[in-house]
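Visitor: What follows is a single structure, and I will ask about it in a moment.
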Amino acid sequence: MGNIYFRQRNYPKAIKFYRMALDQVPNSHKEMRTKIMQNIGIVFVKMGQYNDAITSFEHIMQEAPTFKTGFNLMLCYFALGDREKMKRGFQKLLTVDLRIDDEDKYLPHGEDKNYNLILEVIKNDSLRQIERKKKYDAENCIKTAAKIISPAIEAQFSVGYDWCTEQVKSSQYLDLAHDLEIDKAIMFLKQKDFNQAIETLKSFEKKDTKVASTAATNLSFLYFLHGEESDLEQADKYAELAMSADRYNPAALVNKGNVLYARGDYEKAREFFKEALQNDSSCVEGLYNLGLTNKKISRLEDALDCFYKLHAILRNSPQVMYQIADLHDQLEDTAQATEWFMQLIGVAPTDTSVLARTGEIYDSEGDKSQAFQYYYDSYRYFPSNIPVIEWLGAYYIDSQFCEKAIHYFERAAIVQPAQVKWQLMIASCYRRSGNYQQALETYKKIHKRFPDNIECLRYLMRICTDLGLPEAQEYATKLKKAEKTKELREQRATSGTRRGSGRGRRGGDEEREGSGGGRRGKSKGRRPHLDDIGDEPYQVRQQEVDANYSDPLGPQMERPKTAAARKQDNDDLFDEDVGDDLLPE
């Protein structure tokens, strides 16, 4: 009845029935009384009455101490913030006896064949499995308790951890001291204190084989994350140390493969990843990195096989699903690529690069409406992605809805304020939609900010001419100056290149003379100068304007990117989210 009320979270009645049961159990049944008192203590913890819970747990620790009770008692002391009692509780926890026979009985006897046969039977029987579980639970309680109380018993976490380690060294669980040191290094990592973590791990270089291999593996991982060439050398060094200490350590093999991958030696990296999988077929880091390596060396079918195996282990991993979809796309299996991208969207519905990539596939298939839906969803979640903005703007222009395209080009102008092309596209959309006055105002703003932009001057001259405004002559003169300045700059650059290549001035003059066109008289025999531009008004003839005018979005302006170019951009974007990064061990 007490258990039922506990499940219903009716804790006062649960305590009532537990106490009634405790009164009816005779003192000779210590184990039953201990279990009931354990339940009473847990109910008090649920109610937040830690002092009452401590009373129950302390009584159990005096009568029949267990690791579970000792750990719960530590948590109550921690909740109350009592440093001294936390220390005493940890020391009490280390005195609990596992009641497991000597481990030496599982060691083989050299010449005793009968004993060795018996050992083969009992070394993994059900009793042995129970002993392993009890030992694992005990070690887990001790290590977790040390992690919890270390920051609370001293002013600094490291000092508290050192105290716990010293207590463990002087107890019957001496073997756990090295594990606590490793945990201390990991805690430094969680606190972003990489230097302290490295120093802690380096202290294990001369320890016994297992601990040294674990420490060297973690050191290799840390140095690999730094990414610099000198750090890669250190990562390689410690990966070698880890492998020499334990050649069958899959984590060490993966780290060695990672270093080779970072250096571009993909074939050797592939061999180490395969060896890691031979030692541990469930090593997901090795399998993922083997897939990436195969993909890097264009063994796409092998890479696909790796990621399908990984998908069977990690059913809903976005990284794995993306790699499968991307490989199908590279293999030109559009149907499978689309299906996997759709599954990926179901797992990561707000990943903007996945949405854009799916829209790109539909766009390449000619399904503009579906492509628009995915591009628009990508834009909603991340309205600063320039390729997506550009595609949406071009879509509305192609659909003859220039007014709607303006919104996207305005967004692009906010993201890239130094790019004049977005401002020119906005003005072009106004012009195409018939709003010439707004287009004129926009071009004037562009000219004020980018006074040397030839495209802007050309359109200003055209609009002023069409509207019969007197400013047309002024903009025509500015256009002529800007064109000559640009030509002069290009000729200076060309002249400098010729001198650098050892070509004579005569050859350069002849070439300039031959390419000077209508300005041959000024360029012949000497280099053009800014004084040649002059201030005479530039007379505009209608046919000349028409010849220089191009539509729809202005000459020399970037059109929306091709599907292949957008694919490359989206690959790069997605690589930042999930992408092709190696998984360090």
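Placed from the backbone N, Cα and C atoms, the Cβ positions cover glycine too.
Pasting the feature list from TrEMBL:
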{"type": "COMPBIAS", "residues": "480-492", "note": "compositional bias 'Basic and acidic residues'"}
{"type": "COMPBIAS", "residues": "558-570", "note": "compositional bias 'Basic and acidic residues'"}
{"type": "COMPBIAS", "residues": "571-585", "note": "compositional bias 'Acidic residues'"}
{"type": "REGION", "residues": "480-585", "note": "region 'Disordered'"}
{"type": "REPEAT", "residues": "1-28", "note": "repeat 'TPR'"}
{"type": "REPEAT", "residues": "34-67", "note": "repeat 'TPR'"}
{"type": "REPEAT", "residues": "250-283", "note": "repeat 'TPR'"}
{"type": "REPEAT", "residues": "352-385", "note": "repeat 'TPR'"}
{"type": "REPEAT", "residues": "420-453", "note": "repeat 'TPR'"}
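Can you walk me through where each of these features ends up in the structure?
Guide: In the compositional bias 'Basic and acidic residues' (480-492), the DSSP tally of helix, strand and coil residues is 13 helix, 0 strand, 0 coil.
Counting only same-chain residues 6+ beyond the ends of the repeat 'TPR' (1-28), those with a CB under 8 A from a CB of the stretch are 36-37, 39-40, 43-44, 46-47.
Sequence-distant contacts of the repeat 'TPR' (34-67), counting only residues of its own chain at least 6 positions beyond either end whose CB sits under 8 Å from a CB of the stretch, comprise 2-3, 6, 9, 11, 14-15, 18-19, 21-22, 25, 73, 75-77, 79-80, 92-93, 95-96, 137-138, 141-142.
With a threshold of 8 Å between CB atoms, the same-chain residues lying at least 6 positions outside the repeat 'TPR' (250-283) that come near it are 213, 216-217, 220-221, 224, 227, 232, 235-236, 238-240, 242-243, 289-290, 292-294, 296-297, 313, 582-585.
Per-residue pLDDT, averaged across the repeat 'TPR' (420-453), gives 89.
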